[in-house]
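Okay, so here's the structure we're looking at.
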Amino acid sequence: MSAIRFEPTKQYYATTGLVVGYALCSSLLAVINKFAITKFNYPGLLTALQYITSALGVWVLGKFGFLHHDPFKLDIANKFLPAAVVFYLAIFTNTNLLRHANVDTFIVFRSLTPLLVALADTIFRRQPCPSKLTFMSLLIILGGAVGYVATDSAFTLTAYSWAFAYLVTITTEMVYIKHMVMNLGLNTWGLVLYNNLLSLMMAPIFWVLTGEYNEVFAALVANGGNWFEPVAFPAVSLSCLFGFLISFFGFAARKAVSATAFTVTGVVNKFLTVMINVLIWDKHATPFGLVCLLFTLSGGVLYQQSVTGPPPHDSTASKQTSDSSDNDDHEDNQDKKMPGKHAST
């Protein structure tokens, strides 16, 4: 009986650690990317540097035995490719949105995703319909975020175009990647390797389509072979580091929680993003906008309450242990191959 009670507790703390790690990385990465793109105005090249850092980091750490990842195989890569395309488009539109708009614009469109993901989960993945309380909490998140940004800066047509493109791709990515994670059987580091390596392979295509390669070569010629500002190097380096960290925490959190809960976490953690945004940028919300932000956070808390059931009793815990035995065995085997995994999460 004691083992039955211990496993749900261990799983709870592991899941909490993954979600907190994702929240911290996500909130800081938004600000770091915004700062990096202002100093290094090449979104395609910036994301490519993030991909190569993540893919190379997994490969090198795997070679030295610090982690275990699934080997790269062409048949699995072919199955994973559609998800990698969606992921690349989500990151590409996100970076260009930050290039043409402020962080507040990013936040409001990011906040629309939980509601759309919940609908997509219900329609396409045949998940149960959200309860009235859950649906109300999602509407509160949406209303608070819209009210927050409505009190701030105006949108431009270019910013709106990238924002709508980001909204479509991030909603698709939230649902489709979750489906891919649950069905390919790759471990977390394997997912990071496949996702970033395949995305890196797609980067040159978008460099040509967007004409960014012309901007890069023009900058090299104009600056005598040096397009880096002194402050740009640490900004890009931090962006690559946090891109690597969020690759792990993002996939691990997707495995641990539902697509909607994962998306809501991404919205609520923007509270830290907004705090930093107020301190470092000249455009930020009015006091009324900050009140709207509190409504957004309240909606996130209400959502968590609406989807969290009471602590499991012995019979319930036994059922949960039985239902998750395959996943637990997979995690146990992965733990043996990945020393220090729980310490890092």
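Heads up, the Cβ atoms here are built off N, Cα and C, so glycines get one too.
Among the features that TrEMBL reports, transmembrane segment is placed at 12-32, 44-64, 76-93, 133-151, 157-177, 189-211, 231-252, 259-280, 286-303. What TrEMBL records for 24-303 is domain 'Sugar phosphate transporter'. For 307-345, the entry in TrEMBL reads region 'Disordered'.
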For this session: May I ask for the residues of the chain that lie six or more residues beyond the transmembrane segment (12-32) and have a Cβ under 8 Å from a Cβ within it?
Result: 98, 103, 106, 235, 238-239, 242-243, 245-246, 249-250, 252-253, 256-257, 262, 265-266, 268-273, 276-277, 280, 342, 345
Problem set entry | Stretch among 76-93, 157-177, 189-211, 231-252 sharing the most Cβ pairs under 8 Å with the transmembrane segment (44-64) | 189-211
Exercise. Cβ pairs under 8 Å with the transmembrane segment (157-177): which stretch of 76-93, 189-211, 231-252 has the most?
Worked result: 76-93
